[in-house]
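**Student:** Before anything else, here's the structure in question.
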């Protein structure tokens, strides 16, 4: 059952504020192409106000209200937010499905992870105080040294539309746990649940200015946030092209950044596997979240001895995927997020065909859906490594298949990419899986599966997929600075210079 879209303003300094220029952006339901609401559009002027609010929150009461408060104080707020997310889970999931086209079952799963992420970082916030003043072993007895971990300050968090609330919370939860104050700028294509997070923060009494939520276009809100002198760090998830612009802006002030960018991840299937199990993982690894996954294993490498039979199974499994309005029960593939993305993906498929690839299955709009940005699950064969479809991130339900003859060839093909976010191998040979895991040029490796993600484990890439790690203890470290404190403990003078006495 549908749910009305709330009408919200920007969330700044603990209250709703109309954008200074009073601009708004329509919300389009990607399943129907209908306008179902709107969101506020922040501009440079609003960014200034939000940054000032975050800086005040950081230093209020000499930092004792937030940045220097005991970790248990921050943990209390994070747990309260988690409880409210659980309370509102059904409505949040429905809003997410309407806003970005994610199947409702997936959106519900995401909300469970959102609450779990806040709870996990509440525990880490609580444990942070006990880790302060960690001693450092020194070679000289006349000195003692210890380490302080302190919040970086005001952080700008720029997040994508494929996991609108979850990937925002991957940044919000650890940054607040660390004692930072934050300005969240979600994608203009899917911001609704991030504004609902702001409402939850208001409900639980989060101190004003600790979290500010600015919706709007990247050029009008994201860019001024990245370059703002009052922001101490930028954490970004999005495309390589936009990420490089964010880095350039941050570099002018030597501002630290962490980047989770695009991917073109490989999945290698050997000839010793259960073909049906492997086929399901291959499709899940590419078609989950409507194919809009930065870590999607969209380059499938199949051992030549099983290729024909395996590809046949892929097609059979693909035909069994329910493509529908994401609110329908049992939907497993919804629409892509926008008309622009829809047209971009179809252009990728068209170019692949013109370059000589075979569109074995899918490649167009499903016949039973006249409206909405729907694309059939698409399987492409006869691909060469020089083709655009093999080398560039599509960000849609498009799986490319190549064969290999040997383990060495599979590794070479897998690593032949500018990207290095995820990689997967399916084989019953444990030693082979270990060898390939070490050989993969990627930040995340899956064995006999694809795409599972846990709050406790690090997430991030290498090469053009970015740097820095989110989630786990590594996610908290993203928002902490390390300070060395060294004490001279001897009563004797230092004695380097000759005393005038």
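Keep in mind that glycine also has a Cβ here, set from the backbone N, Cα and C atoms.
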**Student:** 238, 239, 240, 241, 242, 243, 244, 245, 294 show up in Swiss-Prot as binding NAD(+); which entry in 126, 141, 376, 393 does that record put in the same site?
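**Tutor:** Of the residues offered, the record points to 393.
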**Student:** In the structure shown, which of the binding-site residues 189, 294 has the fewest Cβ neighbours within 10 Å?
**Tutor:** 189
**Student:** Distance between residue 162 (site 'Transition state stabilizer') and residue 244 (NAD(+) binding site) at the Cα atoms, whole Å?
**Tutor:** 20
**Student:** For residue 260 (active site, proton acceptor), which of the binding-site residues 189, 244, 294 has the nearest Cα in space?
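**Tutor:** That would be 294, nearest by Cα distance.
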**Student:** Across all the protein chains here, work out how many other Cβ atoms are within 10 Å of the Cβ of residue 240 (NAD(+) binding site).
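**Tutor:** The Cβ of residue 240 (NAD(+) binding site) has 18 Cβ neighbours within 10 Å.
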**Student:** Report, in whole Å, the straight Cα-to-Cα distance of residue 99 (Na(+) binding site) from residue 240 (NAD(+) binding site).
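**Tutor:** About 24 Å separates the two Cα atoms.
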